[in-house]
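Q: Feature list, courtesy of TrEMBL:
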- 201, 261, 335, 524: Fe cation binding site (BINDING)
- 1-24: region 'Disordered' (REGION)
């Protein structure tokens, strides 16, 4: 790619020195800009052609591997706009780095729905957040609870194979070299899934040696079996070559519609957070049946209902303690950061819980008032003792943020540093869309407030999930790079920025500017070390 000298925007600030701390609030222009980046990609729907890109600065030559990303690529299907980006068809792209250069490739996940709609040149299938009949005719079958598998949430490259993930359905296998879809599958890396779906989140356990390295994923039923009232779940572990080393099955009681999105892993335990959600029968019968709400909107938080932490044994040591379910205060969990065990038997779990979640919120309904109090999400530490079945919860950073990442070498172990997308303002009430890169530094031995570094891209810029890439031969936890895609609503550009993870306040060391191309806000991705296709 072409290299070019360019003065990158530089606007770092430390905690406590954020612009207009406690007084800033998003304006109507902020919301308009934020909505504007949720539009169709300009990339080819057939996966052909590499976008024109310019390298600004110098990409570190030690950076070798591939950044994989997945997210909604189509927010409008032949004239019909989606007001909830979770329903967008999955677009997987990969940026392969080697010798200071980058090679980009992309492809839409060839799901049944995407393939048929592209052939028909119209919307056919209903998404989980769609209202009424997507075909637009007068026929509406309220008893049709099937929704389109959009395969848009996660992507994993492991053992030479690549899969697009969406927790509501089966994974889709893709060819690693060109990201063409092989097809929908009910097994991953040769392992049959206990439940015909796989969560979009997983953990990479590095271990002390290459032989100990593991990919750890899970699947769980959304509805309980009858009459036992348990949800079948399984955790799967694969070594670095893609060979299954463990399949641990569990029955999780009373977990119907618990919305299990992410997981945590330690040496002895797997952890699942069950949200205090349930099917709202009144909403189903009076609104969904009459095409007045989406199917997803019938899953609601229940007032006063506790969230539940399920502690599931990974080793024989934990099996002697047994499977546990610990009640937490009402809150909603999408994404977790890390977990580790302390010498006294306590387990620390760091997460980003929301105060509440309302699935009726969408691109059309969000306004500036939404970001004043309301459903905030904060960096929170849970100290749990599985034996005593106790839990203490402490907020470590009140800056609202999402999409956490960290050095995988410290997954399941004591760690100090994490990174996330974050809001401009640091306040107990006010917040806004994610417009910053944030580095959190915590003390693993206490619940002391986190220290932070922040990089603010600009008032019309909106950030995606950061990804950590370790430096070869690193001796420090935060020795590596952060890769983050940013959408600039003013310039109408999408740029992949590369930071030195030791100090993000120095700004990007290099950037890849995709000229004239739009990469819509994605959901999740991964860094595949040394994998260059």
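Just so it is clear, glycine is given a Cβ too, placed from its N, Cα and C backbone atoms.
Note that the coordinates shown come from a computational prediction; the quantities given were computed from them, not determined experimentally.
Mind running through what each feature is packed against?
A: Mapped onto three states, the DSSP output places residue 335 (Fe cation binding site) in strand. In sequence order, 201, 261, 262, 351, 352, 402, 403, 404 make up the list of same-chain residues 6 or more apart from residue 335 (Fe cation binding site) whose Cβ falls under 8 Å from its Cβ.
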Q: Counting Cβ neighbours within 10 Å across all chains shown, tell me which of the binding-site residues 201, 261, 524 comes out on top.
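A: That would be 524, with the most Cβ atoms nearby.
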